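This report concerns only the one structure given below.
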Amino acid sequence: MTCPICGSKTAPSYRPFCSKRCADLDLAKWLNGSYAIPASSEDEEEPLDQEAETPVAPRH
C-alpha cells in the first residue's frame, strides 16, 4: 500500500500514510475544505423552524 499524499510505502503507525507529516497534510486538506463529500438534496436537513414544532420538556 502506498501513501495517498506522496506515494511512499506506508508506515504501520501512520497507516494509510507514510509519516506524521503526510497524515497532517491530509488532515489540513479536510480542515480547509479541499476535500468535500458531496450531498444530494435528499440528505439536506429540515429547516430549524420546522424542528422547533416538537415540544421540549422543561428543564429542572
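Glycine too: its Cβ is placed from the backbone N, Cα and C atoms.
Here is what Swiss-Prot says about this protein:
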- Cys3, Cys6, Cys18, Cys22: Zn(2+) binding site (BINDING)
- 41-52: compositional bias 'Acidic residues' (COMPBIAS)
- 38-60: region 'Disordered' (REGION)
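When each of the binding-site residues Cys6, Cys18 is scored by how many other Cβ atoms sit within 10 Å of its Cβ, Cys6 comes out lowest.
The record gives Cys3, Cys6, Cys18, Cys22 for Zn(2+). Within 8 Å of the mean position of their Cβ atoms, the other Cβ atoms in that chain belong to Thr2, Pro4, Ile5, Gly7, Ser8, Thr10, Tyr14, Phe17, Ser19, Arg21. For the recorded site, Cys22 (Zn(2+) binding site), the DSSP three-state label reads helix. When Cβ atoms from all protein chains are considered, those within 10 Å of Cys22 (Zn(2+) binding site) total 20, not counting its own. The Cβ neighbour count for Cys3 (Zn(2+) binding site), using a 10 Å radius over every protein chain in view, is 21.
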